[in-house]
Amino acid sequence: MNKKTLFKYIAVFVFGAALMCTATLAKKYRKAIEWDGTAYNLENVNPVDAKLAQPYNKSLDKTGDAFVGLMGLICCGVIAFAFFTSEDKKKAFNNAVIDVYTFMICGFYANGIYRILKTIVGRIRPYMYFANPSAEGIAEGDFFRSWPSGHTSNVFLVLGFLVAWFTFRDAESKLKKPVLTVSLLVCLTTMVLRLLSGNHFLTDVLSGAVIGFGISYGMACLCNKINDYSGEK
């Protein structure tokens with residue numbers, strides 16, 4: 001990797017890190033919405049979202065957390081498998097470092113953007129329209145951060161990275177079809193869990209999927225393009 005390529009990687013990384021910092025500060029200094037203890041009126045929500053809205057379910061909420069972690073493990077497993085099965089360990093190590101770096105960049109940009117949107121929009125979560133909402137969500141001021149879905153964005157950002165990885169890094173891999181199939185199922189299950197747990201409306205999870213996948217795939221393509229310019233792949 002030459003100096004010009006390294007500089008481009010660093011520039012993309014720094015901008016992504018700055019985006020994450022901006023998202024964190026925006027959330028910290030945003031004026032909190034006060035809740036008077038009365039459930040919100042579901043009639044104020046569009047018909048499609050209102051019809052699928054659900055009360056809070058803590059078990060499904062935590063299960064959704066686990067599925068996000070599962071997607072992370074799948075991604076790590078793919079990169080690790082490529083390294084340990086490669087005969088040229090030096091090249092495999094360099095590829096693994098670039099892959100991890102690229103994944104971090106995808107995470108920075110997708111997370112930074114969806115978190116900023118959450119803060120700006122301030123949409124009330126579905127469980128606030130029913131009795132017994134999430135006490136934790138209310139205490140932490142998270143009940144007005146419904147759009148877009150962060151969990152959905154995160155699982156789809158992993159999917160976006162994996163699609164790019166199998167396109168540019170190992171297009172002929174026998175793992176491509178089963179890994180992407182399982183990953184898509186995990187993503188879709190996560191979307192359903194976020195709906196059924198009362199954390200999100202349908203438009204929240206659909207938007208989260210587009211944001212997570214689109215940004216992640218786009219950034220992975222950009223990193224691959226930068227790497228191509230250096231004469232390495």
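Quick reminder: no glycine exception, Cβ is built from N, Cα and C everywhere.
Unlike curated records, TrEMBL annotations are generated automatically.
Annotated features in TrEMBL:
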DOMAIN    103-220  domain 'Phosphatidic acid phosphatase type 2/haloperoxidase'
SIGNAL    1-26  signal peptide
TRANSMEM  66-84  transmembrane segment
TRANSMEM  96-117  transmembrane segment
TRANSMEM  151-168  transmembrane segment
TRANSMEM  180-199  transmembrane segment
TRANSMEM  205-223  transmembrane segment
Which bits of the chain, at least 6 residues beyond where the transmembrane segment (180-199) starts or stops, bring a Cβ under 8 A of a Cβ in it?
-> 52-58, 60-61, 63-64, 67-68, 70-71, 74, 125-127, 130, 133-134, 146, 149, 151-152, 155-156, 158-159, 162-163, 166, 205-206, 208-209
Over the domain 'Phosphatidic acid phosphatase type 2/haloperoxidase' (103-220), what does the predicted model average in pLDDT?
-> 97
Summarise the domain 'Phosphatidic acid phosphatase type 2/haloperoxidase' (103-220) by DSSP state, stating how many residues are helix, strand and coil.
-> 87 helix, 0 strand, 31 coil
Counting Cβ pairs under 8 Å that sit 6 or more residues apart, are there three or more between the transmembrane segment (205-223) and the transmembrane segment (66-84)?
-> no
